[in-house]
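Student: This is the structure, below, for whatever I ask next.
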Amino acid sequence: MSSLFIDGKWLAGDGEAMAKTNPADNAPLWQGRAASAAQVDAAVRAARAAFPAWARMGLEERAKVVRRFGERLTERKAELARVIAQETGKPLWEATTEVTTMVGKIDISLKALAERTGERAAAMGDAQAVLRHKPHGVVAVFGPYNFPGHLPNGHIVPALLAGNSVIFKPSELTPWTAEETVKLWAEAGLPAGVIGLVQGAKDTGVALAGHEGLDGLFFTGSSATGALLHKQFSGRPDKILALEMGGNNPLIVGEVADVDGAVHHVIQSAFVSAGQRCTCARRLLVPQGEWGDAFVARLVEVAGKLRVGKFDAEPAPFLGAVISNAAADALLKAQDDLVAAGGTPLLAMRRLEEGAAMLTPGIIDTTAAVRPDEEFFGPLLQVIRYADFDQAIAIANDTRFGLAGGVLSDSRELYDRYWLESRAGVVNWNKPLTGASSAAPFGGIGASGNHRPSAYYAADYCAYPVASLECDSLALPAQLSPGIVL
């Protein structure tokens, strides 16, 4: 099966065999082979050869191609949404919104490109001080499995608009979505070599990340893999590296008047996408006392009634399967480990069907437990009770991560205090943690990434500034510097 796209041609991989099944029922979806190191090299060389003409084409012409890609996405929205839903296990309604977001990224990227990396000029005596931006050249995009369309698209679109050529290495858990997406790029008329697709797992990733022909790498995924890439790129200031990674995100709840409103926002924060968003709440901080007891009881009641099902089930489920049986096994083990460390199960996460990756939401009180500073990437929420807001902030900040944090409170004063004292790239007030504006930068600090590689500021990583002093004519200065005689 032809699963690679190199120099405008679909090719069979020479690497290890790959297969993808639906995580909800193990139905076969896709087969192919990974790219070998030689094929990765061929993809990078083709991208390098295609880069000069693509960069010289000009933004207006490049934008026409990218807009045609957007038109193909719109035409095939239903088809691509079904691919994403089957491959990830997420409900069809959610996969459909993912494709819609991919289309919307085009106009946002054009606006960001103009604002963040456009051209500026100012008079400077008899000359002009001009700021322009140039593309890096060949960049790799490493995509994640949780949003296999939207998240790599968030790097590919601005990178192409800026004039780069791109090598796309998707997660080995979502090869089908990547293949279908690249087909749309080819249909849109992207010149041969400007985008390449190399499938594969670790070996493919190592070959691509270590290739001398790369000018940059944009990564979305786990903190462990991101840290390895950061180490690999150390001492290489000639290469741009963007890292968007995970988080052990805290959400602080105060004694709000609208209890069900807060419960809803916690549900959306912790369990949307089966808890497989990097901004999902992992630690819920609830005040001690009767109000907190009642709030937790209501949360457990609502979470226990959430509909879990296959992507196309009717009525539609709120959450579907996690990405794989291995992921489900790891989450169930994490739940057991938290209990063994002193946690109290409030709502036990369980597997709905043996051999399938559909999990019900889990909630564990870990107030008295030894809590590992890890991201449990799934529908598993820890509840931690706090005595006062000082303690809440201390607990919230007790993490090496720094992606998202938030406060559900009727007090603006408490939110302002948390905003000031928190260390995170996304800080929300009375909104789910998983909510973010496409017109804002996205990313984290600490173990969550190197600042803002995604969303509106992605443009910053796709081109570098060039400062120029320009004068239409050459003339001898009226006054010479001391020591010069002409």
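Just so it is clear, glycine is given a Cβ too, placed from its N, Cα and C backbone atoms.
As annotated by Swiss-Prot, NAD(+) binding site applies to G221, S222, S223, A224, T225, G226, with the evidence given as sequence analysis. Among the features that Swiss-Prot reports, active site is placed at E244, C278, with the record citing sequence analysis.
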Student: Beyond the listed site residues G221, S222, S223, A224, T225, G226, identify every same-chain residue whose Cβ lies within 8 Å of the center of their Cβ atoms for the NAD(+) site.
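Tutor: Nearby residues not in the site list: F219, A227, L228, M245, G246.
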Student: Using C-alpha atoms only, work out the spacing between G221 (NAD(+) binding site) and C278 (active site) and round it to an integer in Å.
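Tutor: Each residue's Cα considered, G221 (NAD(+) binding site) and C278 (active site) end up 9 Å apart.
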Student: Within 10 Å of the Cβ of C278 (active site), how many other Cβ atoms are there?
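Tutor: So the number of other Cβ atoms within 10 Å of C278 (active site) is 30.
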Student: Run through the Cβ atoms and count how many others sit within 10 Å of the one on T225 (NAD(+) binding site).
Tutor: 18
Student: Say we define neighbours as other CB atoms within 10 Å of the CB. Which of the binding-site residues S222, S223 has the fewest?
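Tutor: So among S222, S223, the binding-site residues given, the one with the fewest Cβ atoms within 10 Å is S222.
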Student: Given the binding-site residues S222, A224, T225, which lie within 10 A of E244 (active site) by CA-CA distance?
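Tutor: Those near E244 (active site) - Cα within 10 Å - are S222, in sequence order.
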Student: Looking only at DSSP and grouping its letters into three states, which state does E244 (active site) belong to?
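Tutor: In the DSSP reduction, E244 (active site) maps to strand.
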Student: Could you list the residues of the same chain, at least six apart in sequence, whose Cβ is under 8 A from the Cβ of G226 (NAD(+) binding site)?
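Tutor: Those within reach of G226 (NAD(+) binding site), by Cβ under 8 Å and sequence separation of 6 or more, are F219, L243, M245, G449.
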Student: What is the number of other Cβ atoms found within 10 Å of the Cβ of G221 (NAD(+) binding site)?
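Tutor: For G221 (NAD(+) binding site), the count of other Cβ atoms within 10 Å is 21.
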Student: Quick one: Cα separation, T225 (NAD(+) binding site) versus C278 (active site), in Å?
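Tutor: Here the two Cα atoms lie 14 Å apart.
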